[in-house]
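Asks: Here TrEMBL flags E74, E99, D126, D149 as S-adenosyl-L-methionine binding site. TrEMBL lists K153, D185, T222, K223, F224, E225 with the feature substrate binding site.
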Amino acid sequence: MTDKIEKTHKTIEQAEQEGKYIRKVRSFVKREGRLTKNQERAIDNHWAEMGLMHSDGLINPAALFANNNPVVLEIGFGMGKSLVEMAKAAPELNFIGVEVHKPGVGACIASAVEAEVTNLKVYEHDAIEVLADCIPDGVLTTVQLFFPDPWHKKKHHKRRIVSAEFVETIRQKLKVDGVFHMATDWENYAECMLEDMQKSPGYNNLSTTNDYVPRPDSRPLTKFENRGQNLGHGVWDLQFAKKA
Ligand SMILES: C[S@@+](CC[C@H](N)C(=O)[O-])C[C@H]1O[C@@H](n2cnc3c(N)ncnc32)[C@H](O)[C@@H]1O
């Protein structure tokens, strides 16, 4: 898989000359953790039906899922536990997950197979590049970003995935009235997310208090959230709808 991706972009310079958007500061550090046997088997046996390749370019969701159901995109699904739970609970929706951590992708596929989930496909790739190169404009009903890496230190804030530019990209990919849903257990990140969203003229805040929303029932507790709660952290959910 990785070889195929590398062959498409030989060098950053070449990709830039081809007009590709290249991001130099990334929101993740690639940890090449070892795959468990179960994760490896899940990828080997089920990549053909569940895996999506960044190098295949722009997708047609209706053709991909063989139906016209609304499409939910989740960025940074970790081990995929809550994503699989959501896909299982909503067979009337199509889910696309994007995660850079290969063991997480393997774990997600293994859980999906076990749960007999068929409305989920996954990328093992940087979501920024997937958004730029693979997702057509105006096709997503929901974008989910749950507990993105907070990059606590001020000098690392530039690594945070949420920025003014990012929220504008998400807006382009959403349908009108489509919802961008974020959650974090890091108060300073929640405040920055809110500021970026409020500055963007293309969204309506779904919060009745003009800031955060209560966790909707549709969002299961994630692993990071459970851990945060045990540490006494708060959690902030934000939901904004794309304006017409
Ligand atoms: C703190 S974890 C949260 C995982 C999961 N959402 C949860 O709540 O349990 C953040 C995840 O985002 C992934 N990630 C960070 N930047 C990413 C990017 N640009 N594209 C795809 N995944 C990314 C990381 O690999 C990591 O698994």
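Here, residue 1 is simply the first one shown, and the rest follow in order.
Each Cβ is built from the backbone N, Cα and C atoms, and glycine gets one as well.
Curation plays no part in TrEMBL annotations; they are all automatic predictions.
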Asks: If you check the binding-site residues D149, K153, F224 one by one, which have a CB less than 6 Å away from any atom of ligand 1?
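Replies: Within range of ligand 1: D149, F224.
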Asks: Please give me the binding-site residues out of E74, E99, D126 that lie within 10 Å of K153 (substrate binding site), comparing Cα atoms only.
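Replies: Close binding-site residues: none.
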Asks: Radius 10 Å, atoms counted are CB only; among the binding-site residues K153, K223, which position scores highest?
Replies: K223
Asks: Quick one: pull the CA-CA distance for D185 (substrate binding site) versus D126 (S-adenosyl-L-methionine binding site), whole Å only.
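Replies: Here the two Cα atoms are 22 Å apart.
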Asks: Give me the long-range Cβ neighbours of D149 (S-adenosyl-L-methionine binding site): same chain, 6+ apart, Cβ under 8 Å, in sequence order.
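Replies: Within the chain, D149 (S-adenosyl-L-methionine binding site) has Cβ neighbours under 8 Å at S27, F28, G76, R159, R160, I161.
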Asks: Any idea what the Cα distance is from T222 (substrate binding site) over to E99 (S-adenosyl-L-methionine binding site), rounded to a whole Å?
Replies: 15
Asks: How big is the Cα-to-Cα gap, in Å, between E99 (S-adenosyl-L-methionine binding site) and K223 (substrate binding site)?
Replies: 15
